[in-house]
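Enquirer: Structure incoming, see below.
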Amino acid sequence: MQGRAEPARHRRFRAGRNQRRHGRFRAGRNQQRHRRFRTGRNQQKLRRFRAGWKQTIILACSFYRAHVSIVQEASCAYVIILMAVYWCTEALPLAVTSLLPAVLFPMLGIMQSKMVCMQYLKDTNMLFVGGLMVAVAVEHWNLHKRIALRVLLIVGVRPALLMLGFMGVTAFLSMWISNTATTAMMVPIVQAVLEQLNKQETESSRMTCGEGRPQYIPYFLVVLHMLDGSPEPKQNESAEKRLMAKGMTLCVCYAASIGGTATLTGTVLNKHFTSTIFVSIRFHGIQTWGCGAVKSKKEISAYNVIREQHLQLGPMCFGELSVLALFSLLVALWFTRDPGFVEGWATHTFNTEAEYVTDATVAIFIAMLLFILPSRQPRLCFGSSTEPQIYSVPSPALLSWKVAQKKLPWNIVLLLGGGFALAKGSEESGLSRWMGNQLTPLHSIPPWAIVIILCLLIAIFTECTSNVATATLFLPVLASMSQSVGINPLYIMVPCTLSASFAFMLPVATPPNAIVFSYGYLKVSDMARTGMMMNVIGIFCITLSINTWGKAMFKLDSFPAWANQTVI
């Protein structure tokens, strides 16, 4: 019996020991493989590939110039393609890529260096700087937080309603003032709203943890409808926050570009058609935005958190009121300077002979007042002696240069300048005229197909150049082409003018994109993917509009008599 029992115990002991050894060996080997994959040679290869990939793109695109013809049009096209590749791949920093025209245009004989450098500080750049200084002051005095909380309380905390509110306000403002100024106003408010949504997680959990059962789930996932389908909400939380930030910021810059197409004064492009009424189409679902949905407990608790935070801000101080007054004055001066349908305050006072005063003049004037006006209420000299002393030391200004220098995204000025330099180079080299002449063979294509092709072409071209320059360069060519083909010029020019505003894919395409991109929520690839779909949807809406009620309203089926007499 003892001889039989001993081998059985030995076998069981040996089998258990081998299993434990094999389990430890297998676990250790898997951990080692995982660590080597994460931190070892594979990661080093990936870093070397990334670094070498950027250098390869830079060198390959640079040496390609040797195979390009010496014609100025081809040289300018090479510079545009080179910068587009660098912008899309981010092989160089965006601001550094924007400086390429200052180097390549003089070397290729396209423009003189002094003419190129003048494009980097134009009127629009100063408008951008002045508008962002006001935005910096709003952010410095926490006024944007107060506005953000008020927006959340009025609109609600659902992402769809927030997006609808931001897009509606942005589009309405951009109908009357410049897209750049509208975006510069709205993006700090959007950023403050995103910060408040991120802070709701802790506060909401405190308000719900005392109901007798554990129910802590981040509210941010509730508003994104991720409560029921996500097994690991903590791992998905950061990704959902990034998607939320990208969506909110993109909706502002896109709404600014789209809203500017609705009126004649919304953008400079539409001023080429002062005798034409534009029709814009908007599709707003009701139930899809959650307007009729019942609020959940999480939404109610989050709403209470926002209301408490808004009450904690207290009454507005003198500095906040001053910044709000200057902000309102800036919007009023922008709107009344030259509304278009009536004569503005600058028409008879300053701009009788030429356009001396522009939106940039107003923006810089308000920005200078921020550095002059005090941040605390001054004591009036005729006040009574019984009034308390309001201040004992000199009051600082509403905005200091140190704060402005720290918070202002100066690299975006170079981005805008690079776009203006490309537009000027296309005009000086004759590239724009050459591209316009290539459109004359389109007379053999049906008119509706001509509209689609031209809208696609202009939407692509305006991604790398200024939309104003694109419209200015293409519209005369399109007008003459319409006369030669025998089509109503408005049938071609109205859709193409609107397509020039569809600059959705690149940060440099339009100032609103650059402003949104400067806040760091987006990558170029994010904007390119979303912008491509926006271009397709926009061109589809334009084609549908111009071929349905556009023909009936503007009588586009007939060739007008004025088109035979002059060129638009």
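Just so it is clear, glycine is given a Cβ too, placed from its N, Cα and C backbone atoms.
Note that the structure is predicted; figures quoted are calculated from it, not measured.
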Enquirer: Examine the ranges 66-83, 408-425 and name the one recorded by TrEMBL as transmembrane segment.
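Expert: That would be 408-425, the stretch labelled transmembrane segment in TrEMBL.
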Enquirer: Assess whether the transmembrane segment (123-141) lies in contact with the transmembrane segment (317-336), where contact requires at least three Cβ pairs under 8 Å among residues 6 or more apart in sequence.
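Expert: The transmembrane segment (317-336) and the transmembrane segment (123-141): touching, yes.
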Enquirer: With Cβ-Cβ distances below 8 Å as the criterion, list the same-chain residues six or more beyond the ends of the transmembrane segment (91-111) that contact it, or say none.
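Expert: Same-chain contacts beyond the flanks: 54, 57-58, 72, 75-76, 78-79, 82-83, 85, 117, 119-120, 411-412, 414-415, 417-419, 421-422, 424-425, 428-429, 507-508, 517, 524.
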